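As written in TrEMBL, here are the features:
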- 1-26: region 'Disordered' (REGION)
- 16-26: compositional bias 'Low complexity' (COMPBIAS)
- GLY20, GLY22, LYS23, THR24, THR25, ARG116: ATP binding site (BINDING)
- 40-63: region 'NMPbind' (REGION)
- 115-125: region 'LID' (REGION)
Amino acid sequence: MAKDNSKRNRPNILVTGTPGTGKTTTSSALAEATQLRHINVGELVKDKKLHDGWDDELESYLINEDLVCDELEDVMEEGGNIVDYHGCDFFPKRWFDHVVVLQTDNSVLYDRLSKRGYTGSKLSNNIECEIFQVLLEEAKESYPENIVVALKSDTIEDISRNVATLTDWVKNWLPQL
Ligand code: ADP
Ligand code: MN
């Protein structure tokens, strides 16, 4: 049965965006500043084996969305989470109070992903994902438009500013009556 968010005393934030846009860096700094819990979904999937094996073509695990949602349900109901993942359409809408989509200039992102060792189609697919704003569209289709914000993440200064903005947002958040 669908539950509302009225019992949360602290907000849940989703940090999404193309791989390399700075989700993990931003989320861990935000967690430190706010004492919210950082949930790196990619790591969770690996650690708890919430996947259906490795896909050679995609060069990544095939995430099992149902297992991930089951695993996170209790903690999300409790509130106070920063969820970090490069996808967002399979999480229940009711989980989130704020949805942040990080965006990075294509040439900056290209360098970051190359440094991470991405090549060939894995590299070009992710650059295309950013060019076509796939995650922003997915977020807008999956959540109320008034809780979705796009934030630029090109430089270290952008990270500091985004963390400060989001920390203020957390401090000003009030439980929904
Ligand atoms: P994601 O979790 O979205 O894949 P990461 O946080 O792991 O991205 O960042 C990928 C790499 O890019 C890291 O080396 C990180 O230090 C760097 N990086 C991320 N965002 C920025 C930014 N806004 N400015 C400078 N470097 C960044
Ligand atoms: Mn990450």
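Using N, Cα and C of the backbone, Cβ positions are placed for all residues, glycine too.
No curator has checked TrEMBL annotations; they are predicted automatically.
The record assigns GLY20, GLY22, LYS23, THR24, THR25, ARG116 to the ATP binding site, and the maximum Cα to Cα distance across that set is 14 Å. Non-local neighbourhood of THR24 (ATP binding site): ASN40, ASP84, each in the same chain, at least six residues away, with C-beta under 8 Å from its C-beta. Confidence for the region 'NMPbind' (40-63), expressed as mean pLDDT, is 96. For the compositional bias 'Low complexity' (16-26), the DSSP-based tally of helix, strand and coil residues reads 4 helix, 1 strand, 6 coil. Same-chain residues with CB within 8 A of the center of the GLY20, GLY22, LYS23, THR24, THR25, ARG116 CB atoms, the ATP site residues themselves not counted, are PRO19, THR21, THR26, ARG112. Among the binding-site residues GLY20, GLY22, THR25, ARG116, no residue has its Cβ under 6 Å from any atom of ligand 2. If you draw a 10 Å sphere around the CB of LYS23 (ATP binding site), it holds 27 other CB atoms from the protein chains shown. Around the Cβ of ARG116 (ATP binding site), the same chain contributes GLY20, each under 8 angstroms and 6 or more positions distant in sequence. Annotation for GLY22 (ATP binding site): same-chain Cβ neighbours under 8 Å, separated by at least 6 residues, are LEU102, THR104, SER153, ASP158, ILE159. Summarised by DSSP class, the composition of the region 'NMPbind' (40-63) is 7 helix, 10 strand, 7 coil. Outside the region 'NMPbind' (40-63) by six or more residues, the chain places 24, 27, 71-72, 83-87, 122 with a CB less than 8 A from a CB of the stretch. According to DSSP, the secondary structure content of the region 'LID' (115-125) in residues is 7 helix, 0 strand, 4 coil.
Within the group of binding-site residues (GLY20, THR25), the Cβ with the highest number of other Cβ atoms inside 10 Å belongs to GLY20.
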